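Over in TrEMBL, the protein carries these features:
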SIGNAL    1-20  signal peptide
TRANSMEM  287-309  transmembrane segment
TRANSMEM  352-376  transmembrane segment
TRANSMEM  388-408  transmembrane segment
TRANSMEM  429-449  transmembrane segment
TRANSMEM  461-485  transmembrane segment
TRANSMEM  511-537  transmembrane segment
TRANSMEM  543-566  transmembrane segment
TRANSMEM  578-602  transmembrane segment
TRANSMEM  622-648  transmembrane segment
Amino acid sequence: MGNFGIWVLTICLIFQSGFGFYLPGSYPLKHVVGNYLSVKVNSLTSIDTEMPFSYYSLPFCKPVEGVKDSAENLGELLMGDRIENSPYRFKMHTNETEIFLCQTNKLSSDDFKLLTKRIDEMYQVNLILDNLPAIRYTRKEGFMLRWTGYPIGVKIKDVYYVFNHLKFKVLVHKYEETNVARVMGTGDAVEGFPSVGNKGSDVPGYMVVGFEVIPCSVMHNGDLVKNLKMYEKYPSPIKCEPTTVSMPIKEGEPIVFTYEVTFEESDIKWPSRWDAYLKMEGAKVHWFSILNSLMVITFLAGIVLVILLRTVRRDLTRYEELDKEAQALVNEELSGWKLVVGDVFRAPSNPALLCIMVGDGVQILGMAIVTILFAALGFMSPASRGTLITGMLFSYMILGIAAGYVAVRLWRTIGFGDHKGWVSVAWKAACFFPGIAFFILTILNFLLWGSHSTGAIPFSLFVILLLLWFCISVPLTLVGGYFGAKAPHIEYPVRTNQIPREIPAQKYPSWLLVLGAGTLPFGTLFIELFFIMSSIWMGRVYYVFGFLFIVLVLLVVVCAEVSLVLTYMHLCVEDWKWWWKSFFASGSVAIYIFLYSINYLIFDLKSLSGPVSATLYLGYSLFMVLTIMFATGTVGFLSSFWFVHYLFSSVKLD
């Protein structure tokens, strides 16, 4: 009963996660009135170029204590996040207006060109307070739109204006636990806050539950700020009108930056403070996608049942009821899949490559299942930036054991139990897909390095990734290969003839049917694919992992059914070369995903500018579709192998 309860809880959590369930990712921090709150800055980002840049690459105000990097995890660095301290600081529950920040040096020609270029490319400034990104609301056609970050500036009639005054609103909620000896924080939320001792435990405190920003372009008088120091009051009132701009950028002139902050008590509780970012849109569309997939699965399942229960069972029952003499006569009149009984388990071309790709596919599929399941259960919250990428990386490395085991055991099965060459297969399985990924990402990284983007992986991180690969992933894959070599190989149910049977001429190319089969798995996931692409390339937060997990399960089922049906169809026309075709019958979904990626680039990312940005997009898309091809192809091959083994193990032939 206990196990049943755990399963019920798990299923409930998965469905709950479809509606944005998450674990907050850090502990609530109590801030006493008057405590300083530090704002941090992340990389500048744009959906126009998809290349992040450092905040301080532009002429912005710098903190008095100097620019310092925050502690970052592996996932953050791979995503291009560069979190640094900023000069913006607030006092808890203390409203302040007309705060002078700084006056920059006179803009040089290079600074002017770079600033205007970044405005043309629609770059956004990303601020973080207590682990919450700054959010901006705009109204369009009666709808309230949410954005994270704010634009650097705007261009109107060939004149560039910079947003040099920020109006912050911090939503706070009264701290509900007053007897906590010490509260802990994670990441950038823990710095600079005094612990609350027993004596001060009854002092009222607040938690940050919202962080909003309104950018304004305000013309300041440079003469008024000559003797002002940072955080002193600007000598005249500042009117922040978001709908008007008045601070043009001019070469040879400085820019004055100011800000104001108001605190507002909110009913939002601390665990719900991420709801504004994770508010799921289009729930009906997600459910439509799932229902669409279920219809495809039902259709294919019907075909599979007809094959297994009607055709195969009927033929085998009839065959087994005959005596030996009748069987001999029937053997002469056999047709379809029964004729290839002596060739169906003949080794495919390039058997080592097939074993390596199937092993790598098992590793990728296992990584996807583990990562999405943990994310669906709420253990990888957006409050903990980079955890999703970090989790994927480490689960992939650990599952090297599965890759080595499957690759070597399949190799020994094809070789009728021969141990020869298993080390080579395990070694290649450890290096094949990671090598392809490393090659693609290195080329893209050189492009990012050349553009001085923070999206470029630092050389030190390259070394760390190589060490993780060769010190953890490769040894684990070899260990898995060792267990695969020790495990008994799968015995074939029938003997293979010495001379291969000639395959009759086909009315149509068999590969045409194989490539066309990818449309069915694509139909299962293309709606969810739009949301994933939007989150990656349009800067939106994707957090409906419950739906994604359901779609992944449906995709696996569809891939298995499609490959199984295609394999049976090939055997029926006496085509015994089913090994690779079963892999690509479901793996060909990658072709359609890549075509969809090109369509998304042309019609949805119209603003993507420059050959470097387009190359980055296509490079990452190629990496994504190769990953999907390995995973889906493996599902198709393993299901077909099981089907063929089951089918011919039922045949009694001398």
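Cβ atoms are placed via backbone N, Cα and C, with glycine included.
Just so you know, TrEMBL annotations never went through curation; they're auto-generated.
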Could you check whether the transmembrane segment (511-537) packs against the transmembrane segment (352-376) - three or more CB pairs closer than 8 Å, residues at least 6 apart in sequence?
no
Checking distant contacts: for the transmembrane segment (578-602), what same-chain residues at least six beyond its ends satisfy Cβ-Cβ under 8 A?
344, 348-349, 354, 357-358, 510-511, 514-519, 521-522, 525-526, 529-530, 533, 537, 558-560, 562-563, 566-567, 570-571, 608, 614, 617-618, 621-622, 624-626, 628-630, 632-637, 639-641, 644
Please figure out which one of 352-376, 388-408, 429-449, 622-648 racks up the most CB pairs under 8 Å against the transmembrane segment (461-485).
388-408
Do any residues of this chain, six or more beyond the ends of the transmembrane segment (388-408), have a C-beta under 8 angstroms from a C-beta of it, and if so which?
73-76, 78-79, 355-356, 358-360, 362-364, 366-367, 370-371, 374-375, 380, 422, 425-426, 429-430, 468-469, 472-474, 476-485, 487
